[in-house]
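Structure first, then comments.
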């Protein structure tokens with residue numbers, strides 16, 4: 001009996017070692033411990049609270065990005081979509097419409113952008129990288145025209161409490177992130193659509209020959225990703241109270257880095273959504289650490305980039321086949 | 001004379017699983033040694049050790065009188081004159097045939113590679129393997145069989161003294177196999193040696209001088225070809241007689257066709273093909289490699305654009321996509337099992353459940369997959385087809401070819417197909433699994449499925465099918481059934497392109513002592 005529990009335990013340990021998502025949380029734990037020991041202020045509850053709150057903005061975008069990457073796509077328009085959502089919502093809300101119509105308009109536009117991405121990839125067969133990059137470029141140009149270069153600010157009580165409020169001491173933004181992760185986790189790991197997404201990512205030819213609905217799966221993933229980027233934009237709007245054309249920029253590459261550091265294969269077909277949560281927390285923590293060392297913006301970016309590469313080399317390399 | 005290559009008591013284990021046990025054999029200069037054994041018997045491992053892809057746990061390899069160094073590698077093996085051609089293709093599809101042949105050793109003039117020089121040097125090599133193609137063609141545009149021959153030309157370009165052919169003929173039709181054999185004999189006459197691995201017994205006996213039989217990682221015996229026969233070798237391989245390889249065929253009147261195709265045409269592949277698929281019957285599509293067999297199946301599964309009328313149960317159906325075909329109860333087991341048949345990076349479980357997700361994750365569960373039902377379904381399929389996997393969670397790429405093929409077939413069974421299309425269902429699969437698949441197909445037909453099979457293996461078509469339609473340049477040129485369905489008639493129709501050919505000597509492409517100058521399709525060479 002003890003032998004059997006022993007085997008089960010060894011197997012579980014082996015599975016954990018083999019799981020890149022577990023690695024992401026392991027590295028996160030070690031980094032956090034190091035931060036508490038060697039940097040100031042990382043042991044306070046307020047700091048943890050602030051960290052998970054800021055990680056939520058990145059995390060929500062990264063959850064959407066995971067859906068797309070799993071089916072071997074990539075979404076390079078998320079920075080544009082984050083800005084689109086915030087700018088449109090602020091403009092509508094500060095103009096004639098109310099807050100609710102601002103939010104609805106913003107999310108509807110984001111869904112439309114996602115649908116355009118999917119249509120280009122599925123029907124026009126444009127490579128995802130090119131298609132979404134082009135969409136993102138069109139978006140930032142369109143926003144410049146739409147706002148005349150001066151985006152409006154808006155104070156929406158709903159978004160404000162979503163971004164800055166707390167539920168039993170836990171930031172609402174973090175709760176929202178967890179809820180989004182739960183729904184997306186169901187979609188990706190428990191539902192039919194998720195199986196189709198994994199199958200598509202593991203091999204398009206075999207997926208087609210097995211009757212996987214390629215179009216519907218791609219639309220679901222790209223639209224979900226764009227809507228989630230839109231949600232992140234709204235929360236950011238609530239956080240800062242103002243919109244800007246470049247507010248989405250940091251989330252473009254960081255969302256992809258979160259996905260990959262979370263152990264998901266950038267080629268699709270392998271990975272777990274929870275890993276992305278670990279990846280987003282890890283990247284946010286690293287950024288906060290670098291800020292606490294008073295490094296200049298430029299040096300910070302250099303160090304962060306090098307750290308991302310280093311971590312990828314440690315546990316998230318693509319295996320040779 | 002000292003042997004060219006001598007393998008001495010090689011053993012090899014992977015993760016505690018011993019796959020080779022003290023394997024010893026020799027290859028003499030100027031001989032063709034066949035390595036025979038079921039999938040998993042250790043043939044590939046032996047060859048990987050010889051070519052330096054793997055390092056043995058114990059034992060040694062003596063090449064050319066001296067033990068190979070510890071740093072033996074594929075590169076060194078090539079430099080030492082060991083060339084190899086594998087079943088898995090290694091050509092770069094975007095480069096020309098000539099560039100592929102000389103890959104890594106492009107002749108250059110002051111650092112510039114001249115396409116014309118390359119092409120000129122490639123031509124004699126292509127002639128040696130019986131290929132009449134422009135060396136500047138992109139490799140990816142060639143049909144599978146031709147690409148395999150280009151691989152052979154690439155191996156010959158290195159002027160090997162030992163040529164290893166690992167299932168290198170499995171994608172070839174009989175004429176192309178004849179070309180490979182010519183190249184092998186030519187090499188043998190020059191004093192070169194060949195190690196030959198194939199699942200086709202006729203080929204082994206046609207070309208080899210000696211046969212070494214492997215079973216479960218150990219050498220069972222090495223036999224001179226003159227002193228053995230098919231049954232002897234098969235007995236050594238599996239301990240089973242050959243006679244029950246194919247199941248009994250059905251007799252009695254034919255029912256109404258279930259699927260009827262008329263004027264089925266795919267641009268550039270097949271033209272005005274008429275087929276009737278009858279429940280309970282296995283129909284074969286024969287012919288030389290690349291006569292449109294593959295495209296007929298792809299058209300019927302909605303993977304190839306086609307014109308013509310297809311009716312199912314008398315009602316016309318359109319098949320623009322695989323999803324439409326699947327909805328009509330058509331299932332397809334493709335030729336290219338690693339890219340289309342199974343997801344090699346996904347688990348056996350995920351592969352088996354994929355086509356059944358609509359019933360495993362119904363709308364009333366909001367599309368949530370019923371894990372318990374999935375486990376049941378996967379367990380039943382693994383049991384029913386005897387899929388050998390360590391667990392359903394094992395990745396499909398870790399399975400042997402035969403078990404991958406079982407997965408590619410098994411995954412359709414829960415969807416309740418009525419028409420089953422299979423392309424080359426037993427290519428590169430060991431004889432034991434072949435037998436299981438033949439019997440399974442017959443049982444499925446007995447349960448009322450209409451089965452359509454393409455195969456490059458004449459014996460398989462004759463042994464398995466109730467009727468065989470022979471394709472030649474995209475047209476059906478003959479239909480053989482009952483007593484008329486013989487290997488000779490089938491080969492004749494395939495080669496002549498007519499139903500009533502008269503040349504009795506068509507089978508000589510496989511005969512070991514045929515005069516190369518009179519073989520069909522042979523290229524004159526000095």
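A Cβ is built for glycine as well, from the same backbone N, Cα and C atoms used for every other residue.
If you check TrEMBL, you get these features:
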- A:21-38: transmembrane segment (TRANSMEM)
- A:50-69: transmembrane segment (TRANSMEM)
- A:76-94: transmembrane segment (TRANSMEM)
- A:100-123: transmembrane segment (TRANSMEM)
- A:130-147: transmembrane segment (TRANSMEM)
- A:167-188: transmembrane segment (TRANSMEM)
- A:218-239: transmembrane segment (TRANSMEM)
- A:251-268: transmembrane segment (TRANSMEM)
- A:273-293: transmembrane segment (TRANSMEM)
- A:299-316: transmembrane segment (TRANSMEM)
Considering the transmembrane segment (A:100-123), which listed stretch of A:21-38, A:218-239, A:273-293 counts the most C-beta pairs under 8 Å: A:218-239
Feature contact check the transmembrane segment (A:273-293) with the transmembrane segment (A:218-239), CB under 8 Å, 3 or more pairs: no
Distal contacts, the transmembrane segment (A:167-188) - CB-CB under 8 A, six or more residues away: 49, 52-53, 55-57, 59-60, 63-64, 66-67, 70, 161, 194, 197-198, 220, 224, 228, 231, 235, 239, 273-274, 277
Residue numbers, six or more beyond the limits of the transmembrane segment (A:76-94), whose CB comes under 8 Å of its CB atoms: 61, 64-65, 101-103, 105-107, 109-110, 113-114, 117, 129, 132-133, 135-140, 143, 146-147, 151-154, 156, 159, 225-226, 229-234, 236-237, 242-252, 255
